């Protein structure tokens, strides 16, 4: 018996309208994923220093392991988003605390000048607002308006560390050496080294060798004739011994201080070609700078008073830079072990901070006849320097 099999009906194609809708939905999904990816990538490329400052504050406030709150185990894009969210929340919380009690001390973790300020209520609020704005990618890199140009072993590092507490000062940490060693790289390279700043903030750098570099005054003047210059000076005899001590720590086999000081020990002729001696002839170097800058545009800071009265010297510096006097006595304490003043709260931290182990080295014993000979040698140069600056530094 023949069984007639009925032919199976052919599958109908999807209507064109449904197919088009499917394509549109797929494209929308892909576009959403792409936008999400870009936003996550943007979070990862936020300004590094601000994130780092937030990380330090997080750890100091008991945030726990990981980078800004233990997000290290998350995928990179999620970790970046979590870091940014937590840092924004903390900055907002600090600002609310400061507004609620503007005259009170901010609790632990609220003292950094960039991530919470450190100069009392007004300065702290300004620092918090500035950090928040920089975190959101605003601000710009500018050429420095003020430069600490000298002198080596005079106290330049201490001055810069103290100044960085101020919420309106942003400074490069490392010495750029642009106007003496890297000038051929150009101003664009130099500007790129600078931190981001907001309107009203001052960009600074310090390279002590500028003061004794013949070409530096003309080069800085070419960049900006209005640049404010700061020179930290110290008793040239003590400075020379400190300079030698630093070199001795790196090269223990160098000749003695006494043998390097004289061209001829018998005649007592001083070797002014030795850099440790040559740097301390301040009047000679200053003459070169006065060819390009008026004396009123250069501030001379006493390295000795920076140790004995840091708040007083910082007051003069803040006035010179046109800043509000935020850095005061309450920011310092004296460390008897090191023999130097230290910060109660350093930039971006709520913990006390002293200069590193390389500062405050014990000087070797120097023959007192050599010391006296050097004092006699420097005396006329010191007197001329006092006359040029209108300040008696009391070295004689």
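From the backbone N, Cα and C atoms, a Cβ is placed for every residue, glycine too.
Annotations in TrEMBL come from automatic prediction, not curation.
The feature region 'Disordered', as given by TrEMBL for the ranges 92-124, 125-157, 158-190, sits at 92-124. Of all the binding-site residues listed (242, 362), 242 sits in the most crowded Cβ setting, with the most other Cβ atoms within 10 Å.
For residue 354 (disulfide bond), the nearest neighbour among the listed binding-site residues (153, 155, 157, 242), judged by C-alpha distance, is 157.
Each residue contributes its Cα atom, and for residue 362 (3'-phosphoadenylyl sulfate binding site) and residue 342 (disulfide bond) those atoms are 18 Å apart. Sequence-distant contacts of residue 155 (3'-phosphoadenylyl sulfate binding site), defined by Cβ-Cβ distance under 8 angstroms and a gap of at least six in the same chain, are 232, 234, 301, 303, 306, 307. It is 12 Å from the Cα atom of residue 342 (disulfide bond) to that of residue 157 (3'-phosphoadenylyl sulfate binding site).
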